[in-house]
2 protein chains.
Amino acid sequence: MNLLLISIGLGLLAIVYGVITSSQVLGASPGNARMQEIAAAIQEGAQAYLNRQYTTIAIVGVVVAAVVAFALGSVPAIGFIAGAVLSGVAGYIGMNISVRANVRTAEAASTSLQAGLTLAFRAGAITGMLVAGLALLAIAVFFYVLVGPMGMSPSDRVVIDGLVGLAFGASLISIFARLGGGIFTKAADVGADLVGKVEAGIPEDDPRNPAVIADNVGDNVGDCAGMAADLFETYVVTVGATMVLTALLLTQLGDLLLPLMALPLLIGGACIVTSILGTYFVRLGGGTNVMGAMYKGFIVTAVTSIPLIWIVTQFALGSVGMDMNTVINPDQGMVEFTGRSLFYCALLGLVITGLIIWITEYYTGTKFRPVRSIAKASETGHGTNVIQGLAISLESTALPTLVIAAGIVIAYQLAGLMGIAYAATAMLALAGMVVALDAYGPVTDNAGGIAEMAGLDDSVREKTDLLDAVGNTTKAVTKGYAIGSAGLGALVLFAAYTTDLTVFFPAFRDGDLANGEVSFSLENPYVIVGLFLGALLPYLFGAMGMTAVGRAAGDVVIDVRDQFRENPGIMAGTSKPDYARTVDLVTKAAIKEMIIPSLLPVLTPIVVYFVITAIAGQDNGFAALGALLLGVIVGGLFVALSMTAGGGAWDNAKKYIEDGNHGGKGSEAHKAAVTGDTVGDPYKDTAGPAVNPMIKITNIVALLLLATLAHGAA
Amino acid sequence: MNLLLISIGLGLLAIVYGVITSSQVLGASPGNARMQEIAAAIQEGAQAYLNRQYTTIAIVGVVVAAVVAFALGSVPAIGFIAGAVLSGVAGYIGMNISVRANVRTAEAASTSLQAGLTLAFRAGAITGMLVAGLALLAIAVFFYVLVGPMGMSPSDRVVIDGLVGLAFGASLISIFARLGGGIFTKAADVGADLVGKVEAGIPEDDPRNPAVIADNVGDNVGDCAGMAADLFETYVVTVGATMVLTALLLTQLGDLLLPLMALPLLIGGACIVTSILGTYFVRLGGGTNVMGAMYKGFIVTAVTSIPLIWIVTQFALGSVGMDMNTVINPDQGMVEFTGRSLFYCALLGLVITGLIIWITEYYTGTKFRPVRSIAKASETGHGTNVIQGLAISLESTALPTLVIAAGIVIAYQLAGLMGIAYAATAMLALAGMVVALDAYGPVTDNAGGIAEMAGLDDSVREKTDLLDAVGNTTKAVTKGYAIGSAGLGALVLFAAYTTDLTVFFPAFRDGDLANGEVSFSLENPYVIVGLFLGALLPYLFGAMGMTAVGRAAGDVVIDVRDQFRENPGIMAGTSKPDYARTVDLVTKAAIKEMIIPSLLPVLTPIVVYFVITAIAGQDNGFAALGALLLGVIVGGLFVALSMTAGGGAWDNAKKYIEDGNHGGKGSEAHKAAVTGDTVGDPYKDTAGPAVNPMIKITNIVALLLLATLAHGAA
């Protein structure tokens, strides 16, 4: 019990950090009246969008909660609600800080680059710590209440179903928020660019463009709130799945079970401490190397996490009188492990995180071959820019896949399935720091927009541009990291599925293939069918997301054209455009467009199970459903990696040209690079990142389906 | 034995058709002196390319043949050589007809549309019948010699290895030809467009463009010779794998084995008859509906195939005294089947082919939503054109995947693995007709170019454009069909792999998991690793192909610029450009660029097997290798489908605008559509189609590796 209380305390530490840092950020000067006016418009638009988005999600959520309560009882339903609400809270608060920090960053950047960096990064760190802290608290408090005050056994079915319910709540919010926010931000961005830059010939962030506020709102609701919900979900699902797997697999451990289920939470708590520590090391040290400053913070966090993870592991095992070398010999012919081997797997998770960051920077940074090759290809036109960008996006999947494959092999060799779970958990434990790096992006992006619109001195815009330049890379990093962890997490979720199957339907898992045993072998054609259908999901989902952005962006174009025509004073600069009208339009479009694609991964597993069961029996229904889960990850990993890295590379190729290479701004190469950037937008900010929650939802729905079928059968 | 001789006779019929039709085509008027001169330049370039390509492949081939001979003995090596040589012959003759039919089609089109269609389609049909006929003869004669004159048992290991060797030879040629030809054609096309249309402002096919002959050569070496090698390979591998699977699985059938192994050949022979019949129904019937004329031919072939397949099935079973309802009860707990159920599966294969053609036309035809949505998106610029094109390319995977998944389920329900094999065989049996539709494309494309360059009357170009308009769809159809059959064929190949494993390494397949049994279950992490690595291959391969095109196209641009600078008379029209120099440059670039990507699928299975075996034991090495094979198909199916359909849609969106929609030629929308078309070029003609042979090679290398390891172990 003490272990859980410690985890809860560490989770609260993140909240305390958030509160203190918020007061620091909000205490900074919000600039002049014009800046505040613009910021207020962004705040208002973002607030209006999130209110409407969460209202819509709430309606879906209440229905789903009722279904969960009916099918599985009150505890999973309460878990579902807790996961959903806290995910919403993390995004909501993060965005509220972000829309207030943007104007303050613009103001701070007018004094020095370091001042701007400090303010923007702190704002990001608040979101980061809230995501990690609230996610940790959600699981730890929920688990504590069930096994403490309510006196349940850690391996009680209600506890397991409750944790799955919690994860489902977080996932469902996440897919809506990622997709809705992603459609909003890119529809506004693409629409504003098309009609502003291309048709009207006015620069980006020009206050005469009616879509300019919507564009800035989009940065917050997509890149901040949407991303926060995504990482909250990834955290809850990964740590939750590790605990569920522990409870399901290690049924013979007795007293050791509670400490082993608490250990992922302790690792999460330890890394909150090191993440907070790391934030204080994000400093320029005199130069202008913003990415270097970020790395300093990340490295401090990662390195100090190593001893702390060792200490908490030792502490957890010590609580039941074991040391790091005591062999834990689980039942069911599983691989043996020790505290030491789990520690090595956690270390592996940190290494994988570092490698994925490094690979992502290689593919999206302006210093390396990939981005430069796209910039060079822009010289020969739009077509070759896009061809090279697509080639890079395909290529960028290779190294992360090799890292993940090697990670699976090494973790499994060290400690079996538990090892893979611990590697994934350690990856996610760093979420506080990784989200901080990412949430910093929209703040600086907005700050630049505000500086432009408020007509601040060019030197301010230069500084915000410098701060913003690393934003493409850090955004790509977070997405690569989230989807990479999903690559490991998928195995954990699949193991939870197969183990659950054994628990609920032992007759299908008696080892006697001739007698209806479920065969997950690739030799079973229904497994192949499941893999195909699973791999199809991210493609179809991506197509829907891309089309939605195109459609909504078209609406923006029409609205802006109408405003220009109805009110000629806008272009003359004598009257203000109706920003709110465009924001409202994008809001409605994004909400409308997010529903159908989000339901795809919820309904597909159910349909596939029932259709295959009807045709080929329940054993093959279970087999096809299991294969579907892995098909989604096999297909989704590549779609998501290629889209997020490719989009980042296109964006930075444009930036690289704007820095004066290949003819610089206004050249033919630059025009081609703008096309590439536009193509990359929905790739990297709408379709690609939403694949991650989509993978999780599919898996969690399958787990809930199993539990529901078991209730029905009993 | 008679069954085999009949198959051989039907294969010869295709050759006879080819010879007769060739004399008809070559007997037509080759036009005026200027036309003949241009055609001669194309012929010469194509000849030079193919000579160099086949010389290079021959060097690789001799090395590989020596390795096969050393590892597996002389019969598989002879099979390898036969497969390789005949694949080369099919492509070589097809291309030779194509480069002679082009100019004659231009001439014929000056009299009437029907005359042009007849000539171009006959030229395509020659290639089609040669592909189907030579593929059928390759297997039938080889098999006949082994089991007839050489007196081997049909299930003799040497026979099986020989058939696998034959497939390997065809596949190895195919991947080189597809990729080399694909790089050639798109490097020349993109390069010619970039420097001609974009920089110099001269129209497509303008004789002043030094790359114009290379562009026309590319149509022949890529779309004709490359495609022919691809389909030859698909035919040999699919029919061969069905025979191998029959021999491996149905070991207890005695006398029934030979007729069952001959039946796929008879089905292939029967469909040659119906394909020849179908060619005579490709007629306009007064109107200008070229696609409708094509469909008439295809439908006649498909419908008349139904009774013929019934008859040959009845005949084959009757040869050992069985009827269509006699239950064949194979060993090893397999699904029972009858002649009738195999017939239904073949019928299913025909239905799948029809559905894939219909779906592909929907996604690439100018009459339907997908192409029109891309055309519409072109109005708002390059970026939105590409976004919508990518969305369509992602979406286009959905229906074919559902058709293939349904096909697997239905075929398996009807007749188990044999059912799936027969569905795939029937699909390929139609290859003669499908290839005819496709090989028609480059002929008309070239005819238009020759009409343009020779300064023929505009009415001729209008007619060749009308003929060419369906080319994008028919090209996309062939690729969708080839990759769709691979979706079914993969299961057959994987079954061959697992069965082979049982034969060679029975200790690993004793059903005792605790004792080193190979587990292909998704619960085995090495299976997941194999799936990931397999799915990576098409991505990496696609990236290499796209990059190669970009690089080679850049070389073309530089060469053309140099020619313009060195010889100002070219643009003035007073002196002729050095066409041969550009052809030679693209030839060298394509040959150089095709080597590394082609070796990727050859070497990866070997590396993965040995690395995983070293880390986790031979059982997991076999498991990871098996999963790799399925990972390649799961990943490759989507990459190939999306690239080929997406590319076709982009191309036709441009054509749709050129027909006068959305502003027509020269409008901003048209410029955006040209960008989309350029992006789609390497997608649909280089990277996408080469994925099909890549999937097969990976599988065949695995089979050969197993056989080699078994020889080594024995």
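Using N, Cα and C of the backbone, Cβ positions are placed for all residues, glycine too.
Please treat TrEMBL annotations as automatic predictions, because they have not gone through curation.
Taken from TrEMBL, the feature transmembrane segment applies to B:54-73 (among others).
As annotated by TrEMBL, transmembrane segment applies to B:80-99 (among others).
The transmembrane segment annotation in TrEMBL covers B:119-146 (among others). Within the chain, the transmembrane segment (B:119-146) has long-range Cβ neighbours (under 8 A, six or more residues past its boundaries) at 1, 4-5, 7-8, 10-15, 17-18, 21-22, 24-25, 28, 75, 79, 82-83, 86, 89-90, 93-94, 97-98, 100-101, 104-105, 108, 152, 154, 156, 158-159, 162-163, 166, 170, 224, 228, 231-232, 235-236, 239-240, 243, 261, 265, 268-269, 271-272, 275-276, 279, 282, 294, 297, 429, 431-441, 443-444, 447, 467.
With a threshold of 8 Å between CB atoms, the same-chain residues lying at least 6 positions outside the transmembrane segment (B:158-177) that come near it are 53, 56-57, 60-61, 64, 68, 72-73, 75-88, 91, 135, 138-139, 142-143, 146-147, 152, 225-226, 229-230, 232-233, 236-237, 240-241, 243-244, 247-248, 594, 598, 601-602, 690, 693-694, 696-697, 700-701, 703-704, 707. According to TrEMBL, the feature transmembrane segment maps to B:158-177 (among others).
If you look up TrEMBL, you'll see B:235-253 (among others) marked as transmembrane segment.
Among the features that TrEMBL reports, transmembrane segment is placed at B:260-282 (among others).
According to TrEMBL, the feature transmembrane segment maps to B:294-320 (among others).
Annotated transmembrane segment per TrEMBL: B:341-360 (among others), in sequence order.
Summarising the annotation, TrEMBL assigns site 'Determinant of potassium independence' to B:Lys475. Secondary structure at B:Lys475 (site 'Determinant of potassium independence'), as computed by DSSP, is helix.
Annotation comment: TrEMBL describes B:481-505 (among others) as transmembrane segment. The list of residues near the transmembrane segment (B:481-505) in space but at least 6 beyond its ends in sequence, with Cβ under 8 angstroms from a Cβ of it, reads 230-231, 234, 237-238, 241-242, 244-245, 248-249, 349, 352-353, 356-357, 360, 400-401, 403-404, 407-408, 411, 417, 420-421, 423-424, 427-428, 434, 518, 520, 622, 626, 629-630, 632-633, 636-637, 640-641, 644, 689, 691-692, 695-696, 699-700, 702-703, 706-707, 709-710, 713.
Proximity of distant same-chain residues to the transmembrane segment (B:525-542), defined by a Cβ-Cβ separation under 8 Å and at least 6 residues beyond the stretch ends, is recorded for 519, 597, 600-601, 604, 608, 612, 616, 620-621, 623-636, 639-640, 643, 687-688, 690-691, 694-695, 698. TrEMBL lists B:525-542 (among others) with the feature transmembrane segment.
Look at TrEMBL and you will find B:595-616 (among others) tagged as transmembrane segment.
What TrEMBL records for B:622-645 (among others) is transmembrane segment. Using a Cβ-Cβ cut-off under 8 Å and counting only residues 6 or more beyond its ends in the same chain, the transmembrane segment (B:622-645) has close neighbours at 360, 363-364, 392-394, 396-397, 400-401, 404, 476, 479-480, 483-484, 486-487, 490, 493-494, 497-498, 501, 505, 508, 518-520, 524, 526-539, 542, 601, 604-605, 608-609, 612, 683-684, 687-689, 691-692, 694-695, 698-699, 702, 705.
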Taking B:54-73, B:235-253, B:260-282, B:341-360 as candidates, which has the most Cβ pairs under 8 Å with the transmembrane segment (B:294-320)?
B:260-282
So which residues does the transmembrane segment (B:235-253) touch in its own chain, when a touch means Cβ under 8 Å and the partner is 6 or more beyond its ends?
83, 87, 131-132, 135-136, 138-139, 143, 154-155, 159-160, 163-164, 166-167, 170-171, 260-261, 264-265, 268, 328, 330-332, 334, 417-418, 421-422, 424-425, 427-428, 431, 485, 489, 492-493, 495-496, 499-500, 503, 696, 700
Long-range environment of the transmembrane segment (B:80-99) - Cβ separation under 8 angstroms, sequence gap at least 6:
18, 22, 25, 39, 42-43, 46-47, 50, 54, 57, 61, 64-65, 68, 123, 126-127, 130-131, 134-135, 137-138, 142, 165-174, 177, 220-221, 224-226, 228-229, 232-233, 236, 439, 442-443, 446
Using Cβ-Cβ distances, find the residues under 8 Å from B:Lys475 (site 'Determinant of potassium independence') that belong to the same chain and are at least 6 apart in sequence, listing them in sequence order.
B:Asp223, B:Met227, B:Asp438, B:Gly441, B:Gly648, B:Lys684, B:Asp685
Are there residues at least 6 beyond the ends of the transmembrane segment (B:595-616) whose Cβ is under 8 Å from a Cβ of it, and what are they?
56, 60, 172, 175-176, 179, 526, 529-530, 533, 537, 540-541, 544-545, 548, 622-625, 628-629, 632, 690, 694-695, 697-698, 701-702, 705
